[in-house]
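Participant: Let me begin by handing over the structure; questions about it come next.
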Amino acid sequence: MAERNYTAVTEFFLTAFTEHPEWRLPLFLVFLSFYLATVLGNTGMIILIHGDRRLHTPMYFFLSHLSLVDVCHSSTIIPQMLAVLWEHGTVISQARCATQFFLFTFFASIDCYLLAIMSYDRYAAVCQPLLYVTIMTEKAHWSLVTGAYVAGFFSAFVRTVTAFTLSFCGNNEINFIFCDLPPLLKLSCGDSYTQEVVIIVFAVFVMPVCILVILVSYLFIIMAILQIHSAGGRAKTFSTCTSHLTAVALFFGTLIFMYLRDNTGQSLEGDRVVSVLYTMVTPMLNPLIYSLRNKEVKEAVRKALSKSKAARRP
């Protein structure tokens, strides 16, 4: 270490997609439209759920928190990405990079937990319909959501503190859409073994545990559905779960591809595309998924639109 010239890094230079100047304006407009659609769609979902008494159920309570987290998740990433595109790269301090990393990990972890909680809610509704009201009491669903936020904070805090005990020196360019762990590890100049262990621990104790809860819940749901004699009854029962399953596949599919694989020799371009999917596309699509495939939400939207038209009439 003493024989080499190491310059300590106190700030980072975000340069994602700037190597293609011709993409600058199209990507800026696409990401801006993603962000506006995410904010409007998820905010609209929250307002709809709180404004329609028919949606005052545990499932929609969890969905309103998922929408809130999706807005916060996107707001942590997309404005910074727009600044990078607009300014052909942006310099951020190490403290600001750590803050962004913490917030991203915090909201991503809560997303994992909420999707697992929603699968348990579907299990209780399908497999224990007579006991559902006593299982999913107001106290129970507030406790579950509070637990998701607390666990998300703990996970984000541990990962952030561990990641930013790394020594960064020499090159300070992050050719990525935000301060995430894989590009940060590439900039470290010391032993990153401990930090990589934390990645594995996070992967093992957050994602797979949530996925296990989801898989077990849906195993029992499928068994319950198969016991229904009529095809129409089976289809109707399963339709209450399809929106959640689609959201789970989108979110966990991209996260698994990004984090549960060997990063050596992987294409940075491919990593950036995947990161766009789980930070921008998935939060934008969630309101669409739950509104297009959900009868109650469709009826609430129609009711809200008819009220709006009636209010505009003289």
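Each Cβ is built from the backbone N, Cα and C atoms, and glycine gets one as well.
Residues annotated as transmembrane segment in TrEMBL: 27-49, 61-86, 98-120, 140-158, 197-226, 238-260, 272-292. Annotated domain 'G-protein coupled receptors family 1 profile' per TrEMBL: 41-290, in sequence order.
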Participant: Would you say the transmembrane segment (197-226) and the transmembrane segment (272-292) are in contact under the rule of three or more C-beta pairs closer than 8 Å, pairs 6 or more apart in sequence?
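Facilitator: No, since the transmembrane segment (272-292) and the transmembrane segment (197-226) share fewer than 3 Cβ pairs closer than 8 Å, they do not count as touching.
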Participant: Could you pull the average pLDDT for the domain 'G-protein coupled receptors family 1 profile' (41-290)?
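Facilitator: Within the domain 'G-protein coupled receptors family 1 profile' (41-290), the model's average pLDDT equals 83.
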Participant: Which range out of 61-86, 197-226, 238-260 gives the transmembrane segment (27-49) the most CB pairs under 8 Å?
Facilitator: 61-86
